[in-house]
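Annotated features, as they stand in TrEMBL:
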type	residues	note
DOMAIN	B:12-74	domain 'V-ATPase proteolipid subunit C-like'
TRANSMEM	B:12-33	transmembrane segment
TRANSMEM	B:53-77	transmembrane segment
SITE	B:Glu61	site 'Reversibly protonated during proton transport'
Amino acid sequence: MAQHEAATIVDNGALHAGEIVAHEGGSGFNIHPMDQFIVQPLFSDGAVGMFTLTNAALWMLIVVLCTALLLVLGTRGRSVIPGRAQSVAELAYGFIYKMVEDVTGRDAVKYFPYIMTLFMFIVLANFLALIPMSFSPTSHIAVTAVLALIVFLGVTILGFVLNGASFLRLFWVSSAPLALRPILAIIELVSYFVRPVSHSIRLAGNIMAGHAVLKVFAGFAGALGIFSIVPILAITAIFALEVLVAFIQAYVFTILTCVYLKDALHPHH
Amino acid sequence: MEGDISTLGQFIGAGLAGLGSGIAALGVGNVAANFLNGALRNPSAAASQTATLFIGIAFAEALGIFSFLVALLLMFAV
């Protein structure tokens, strides 16, 4: 359902943006940077329902398939001298394992599978979205909000299950002077509930902004004729930056999950 | 050029909210600059602190993303 609502919002937004450009441009610019985020059903023109196969759903399926292929094929041989797929799979596994160990601690290793799943989904969704004409699921707040909300609810429930009521001491900063603690408690409480918002919007905002910038420069390239070499070179540079951003945002999402998990496991400051 | 006063306010507000993203960039640059400052003084300790660097950058960036979101909401959702 959330997906459907997001689809209609983005749809309206795109039409709105298109109208603005059409009214104000008037000089040959034809830029629709938000059109690429429209969620459309693949096999019909009708409304997007609960089980309609949309382009967003298709690309998420492709991401899951690629993750499974990479990790299953990569770990099937398990040779001493790894091939390409095995190298990548081992690299990703070791990278995330070390991150969980370093940031959250040895006792968090049992939550490693979920964190690894999150990282692989986000990083592959980001990378596959960089293929021209593809669709970027992680640019939708509906998708990232679900990922962030699962982390938020999971961490909160885990915190209460593992620590009982003493999980609330997370908000009672015992190192601060007594007079300041109630004020700090309010600030900590607010910042705790803002976490899923910033967690999800950081990823969606970065990916959406990057893709919109690429489209805007593509629009320049279409309008400038012989001078379009300048925006095309700019697109190349921005694209390289986007590859970097795609990885860093997946990394940041994962490491923040580890940080939040640490609060649930060790709530005492 | 046509439109009403609320559209004008919407666009001006979106532009002002966009300023926040730029100011957040100052914060991110500050984090990275101070990290580099410390890392060049003690390079052996730098590798173990890259995770902290990215967490700091992420927190500084979050507020800029919020203002970007406000700009987007003003442009497309209001």
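A Cβ is built for glycine as well, from the same backbone N, Cα and C atoms used for every other residue.
Just so it is clear, the model here is predicted, and its values are computed rather than measured.
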Chain-internal residues, separated by at least six, CB under 8 A from B:Glu61 (site 'Reversibly protonated during proton transport'): B:Ala24, B:Gly27, B:Val28
Tally of residues which DSSP labels helix, strand or coil - the domain 'V-ATPase proteolipid subunit C-like' (B:12-74): 62 helix, 0 strand, 1 coil
